[in-house]
Amino acid sequence: MRLSKSQGILPLAHAVLAAAIAYSTAATAADYRLEAEDFTNVGGTYNDGQPQKISVYTVNGITAINYVNKGDYAEYTLSVPQAGQYDLTYFAGTAIDGARIDFQVNNNGSWQTLARTDVPNAGWDNFQPLPAGSIHLSSGSQQIRLFGGGDHDWQWNLDKMELAYIDDSSSSSGGGSTSSSSSGGSSSSSGSGSSSSGGSPEEGGHVSGTFKLEAESAHHVGGEIDTYAINGGVAVNYFNSGDYLEYNLHLDQSGLYRPKYYVSTAHSSGVAVGLMATDHEGALVTKNTSEVQSQGGWDSFYLLNAASDINLFSGDLTIRIYGAGTQDFQFNIDYVIFERISDVDLDLDGDSDGIADVNDSCPGTDPSETANSEGCAPSQLDTDKDGIADNRDQCPTTAPGDFVDSEGCASTGADDDDLDGIANQEDQCPDTPFGENVAPSGCTGFEDSDSDGIANGTDQCPSTPAKEFTNESGCSPSQVANPHSVKVTVNANIKHSVKGISDFGRNRHITAHTTIYEKDWEGHADKLNYLVNTLDVTLGRDNGTATWKFQDTKEDPNRENWPDLDYMVTRGKELRENYEANPFYKRFSADRTELIAGTNPHPTYPTLSWNANGSTWHDWQPMHIETSAAWMGQYLKHYYANSSNGYIGDPMPKFWEVINEPDMEMKTGKFMVTNQEAIWEYHNLVAQEIRSKLGNEAPLIGGMTWGQHDFYRRDGISRYADNAYDQWIVADDPAEEAAAEEFFRQAMATTVDDTRDQNWYQWDVMWKGFMDAAGHNMDFYSVHVYDWPGVNSDAKSTLRRNGHLPAMLDMIEWYDVYQNGQANRKPIVISEYGAVQGGWNTLAHQPRFESEVLKSFNAMLMQILERPDYVIKSMPFTPAKPLWGYYPGGCGYEEVRNCTAPYHYSLLIEPVLNSDNWQWSDYIKFYELWADIDGTRVDSVSSDPDVQVQSYVNNNELFIIINNLETVDTTIDLTVAGLNNAQLQNVELRNMHFDNNFDTQLERHHMKQMPTKVTLAADATLVLRYTLNSTIAINQSVDEKKYFGNSVSGGSVPHRISVAGGAKNLQVNNVSVPSGYAESQLRLTVALYPSQDDTPDSLLQIDTLTINGHTIETPIDWRGRKENSVERYFNTLEIPVPVDVLQKNNTISVDFRHNGELTVANLVIKEYTTTPVRH
């Protein structure tokens, strides 16, 4: 099997081929024939009741062996007159799936697998010729073993095998069993015997004296490499910087060794071979790096002596050879020889730092540095244990417990230490007490004639009336002609509850999409401390850890493409203990690190990608969703703290999302070969595996984190046809090619995608389909939602922060309740929200790229807070330092970065790209704006749906948050009631707005009297913090209840109707109508043809609405800005309804002005224990 390189596609992974290929039945001319019954020995492990592990029988005049079970084997002695390549053919039969023959050779006492061959299910006695590829055999007497290597208990019957001599070099395929291997897995068993020397020792094999390791026979591989035939043998190419080959051996006797590499390169500089090996204490350490010089090109090999001799110690020995130079492409390598020179030299000093290796605490010291008596140089030490190496530490005696900056000096990590609105670098008075207004210098005591907090020298409105907050120019609402005015009323004594939930939920919603253990925070401990401990932000979310730990998982030695579950126990313990031993992590409380975790599609999910991202570092990949689900259960049990391991290590995630945004990669150029049904079933399997492993200690499990969130639209992503991969699959045997093509087609095939190009696909299939198939196994539904600002301006923005997000949530909630009842409703986790724009990816960073995101953060959070019972966790998308997203791809991790564009969505940015000078982005202002807000939600209302308001009381403080969804400055007429006898001491105003250059401004002002007016700028957010002299008494309540309407279609799927053609009748039943004061609202979730909002002649209006025969006046202004750039106007229309028209069972008639669809009709009633103040 091969793939056409002219199409730029890497060779297909052996693991993928295994599931795809049915082998040719063409006969092979035999030079040697070995009858199966002529074995010299048999063995095995499976007890099948026979006298011995393998039996002999006769059928159709043929004598053959049978009762070969998994783990059984037959051994033969073969006299090979001439070394060379041989084509191997079996005459075997089986009646089951999952049978495989492993061809093994005894190599110095160790059995080495040269070929693995799947046996097709064609009948036990149907002995058709089965080509098994080519193998290399040495001359002389050879011990051969045929091993039952498949995953079924029963394996195969065998008549005979034939060997046909090819020549004395490797085959045209590059050697080994490339065309017949089914593992593609760890390279210890993927045709490694094809090298010119007959191969390397198998994993764990014994070596002594001088020994040779073939490059293509590495037991484990890191990175993305390939093999090719050259000079009568096989070598490794595509060896990049950081790639490695690893061998796990057992050395019989210690000794001093001289490594020699047979290598080539076409580069004149920047190429080096790095060598790591286990030391006398069993630790894997760097031994040396050796520069590789070009001898004329990639195929001009030469023998390179390593830069120094090394000691190798007896016992278990790991050797790792890696690309250590600066060039992306490093070298090709054929083999390495370890020449034993003498016994161990205990005086050997491999890094030439003056300390013998056996006494050297820091091997690999840079020659340019001077080591201490323990062999450690400043770059290898951190004397004050502040996380900054001594050679970079400008404050080398930091006190224990201090958080430090990138130079090792104690720092708060803040950009405005005294929170006076003046950045540290501009603040001439850095310790201003809270409650004081400051001048632009950051100092108090300035002249301010009208006491508005704006210095006379910059005050453009010098006679501001009392009780009015001003804007940045010193002008209050009554001094400027704001085009719009809105009344906001707060009743601080009335608790607002939804299904019993009334708290702000700071740890649920003031969160950041990062973790304390990310390398992004190395050198920025002060900033992490500021974010988490000072601003009281809860972390985080993590998909990357599971990704690399899956890549790190070894293959089960007895089951191809299956994780080694025993290895996971050991490896998990090692990593948990590493976490437990890190004192830095203990400086952050557990309630500040409540984790949402999960996995990315590659390589955890069986994407079948033949690119490097589809496989593990050990060169195996999952082929079935059952494999990945089994790994997931084992991973959570053994890699996280729980009762089974004494609660040692990483805290168990609170939430587990099964897979992150698979729709963005499924059937696209990102190479994810799968279908909707498989992903749904995968969620079921993962949930079952995790719960079976952890029981009631399992995290809450959820999905589907779709990347698309326009329920009314068709699929927004172009996808490959089911036969798309045919063009890249090429085989010499037409049968092989056809089988491989069919395998990929079946993996892509689906029964639910006929409507991909039709409206409502994203709901009918992607969301509803998932809920129907896997909802019963989910603890929560996981949602992502983003605005898409225009590339160059706001004119072409597609916004979901209007009524779009409420519409999404109402549809999910209604259908869940309709199917399962209110008692079984699943909550929502919004694990990503914000704004993104693909058109920015290659552009230089601009302030607007941050301000547009902040608008979305604030508006979406305000909507999330309206549903405290339903959205149990939310998280803005705020990666810390996402070098993985820098452009062009991969540049962020180069030794010398030369990126042309950053990833624009991050907490930390470089003002100058590639400078490594990391500063807070404006994202930190989001957390500064929301700092300290906590407490009990209290009654607050706005007279305009485009002005959002939420209010919370926390002891003696009242927080009022107001956000503007519109693009015009608005006067807020503010009324605060219910403070009883508490006396005001201070009101702090935090004002986040955006100037004409799109810079984000966060200003702070203070007032000692109750404000009555304040300007809310376009897209701005205000926080008013009232401090009183005593606790605010919350002595009344309002209870909000939602009553779910009947199916708008009368119960017929898909539960939506066209609104064209006259009035539509709806029903909301079983309503408990309050007898006291109450307020109610009809909520209609619609997708209408777009039109301008908030105008009498808008196509978005309702012509008539009646409830139980009563005509209801409907608004002309819906939630969200007047101008919108959307394909459909997707919104939940919120219509005030007099409570006295409601009954237990309510008949609703609604006639829309124009066309579209209606999906959900609900009633919301707020029942008060007292009559609230209304402005």
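The backbone N, Cα and C atoms fix where each Cβ goes, and this holds for glycine too.
The feature active site, proton donor is assigned by Swiss-Prot to E661. The Cβ neighbour count for E661 (active site, proton donor), using a 10 Å radius and every protein chain shown, is 18.
Summarising the annotation, Swiss-Prot assigns active site, nucleophile to E832. Secondary structure at E832 (active site, nucleophile), as computed by DSSP, is strand. A C-beta separation below 8 Å, combined with a sequence spacing of at least six in one chain, links E832 (active site, nucleophile) to H513, R541, T705, H784, V785, Y786, M875, P876, F877.
Swiss-Prot lists 178-200 with the feature compositional bias 'Low complexity'.
Residue counts for the compositional bias 'Basic and acidic residues' (382-393) by DSSP state, with H, G and I taken as helix and E and B as strand, are 0 helix, 0 strand, 12 coil. Per Swiss-Prot, the feature compositional bias 'Basic and acidic residues' maps to 382-393.
Sequence annotations record features per position, and here Swiss-Prot assigns compositional bias 'Polar residues' to 471-481. Across the compositional bias 'Polar residues' (471-481), the DSSP tally of helix, strand and coil residues reads 3 helix, 0 strand, 8 coil.
The feature domain 'CBM6 1' is assigned by Swiss-Prot to 32-164.
Look at Swiss-Prot and you will find 211-339 tagged as domain 'CBM6 2'.
Look at Swiss-Prot and you will find 169-208 (among others) tagged as region 'Disordered'.
Under the heading region 'Disordered', Swiss-Prot lists 355-481 (among others).
Under the heading signal peptide, Swiss-Prot lists 1-29, citing sequence analysis as support.
Here the compositional bias 'Polar residues' (471-481) has Cβ contacts under 8 Å with residues 450, 452, 454, 458-465, 969, 971-972, 991, 993, 1001, 1003, 1013-1015, 1017 of the same chain, all six or more residues outside its ends.
Taking Cβ pairs closer than 8 Å, the compositional bias 'Basic and acidic residues' (382-393) reaches residues 369, 400, 402, 404, 406-408, 522-523, 525, 583-584 in its own chain, all 6 or more past its ends. DSSP assignment over the domain 'CBM6 1' (32-164) gives 0 helix, 89 strand, 44 coil.
Across the domain 'CBM6 2' (211-339), the prediction's mean pLDDT works out to 90.
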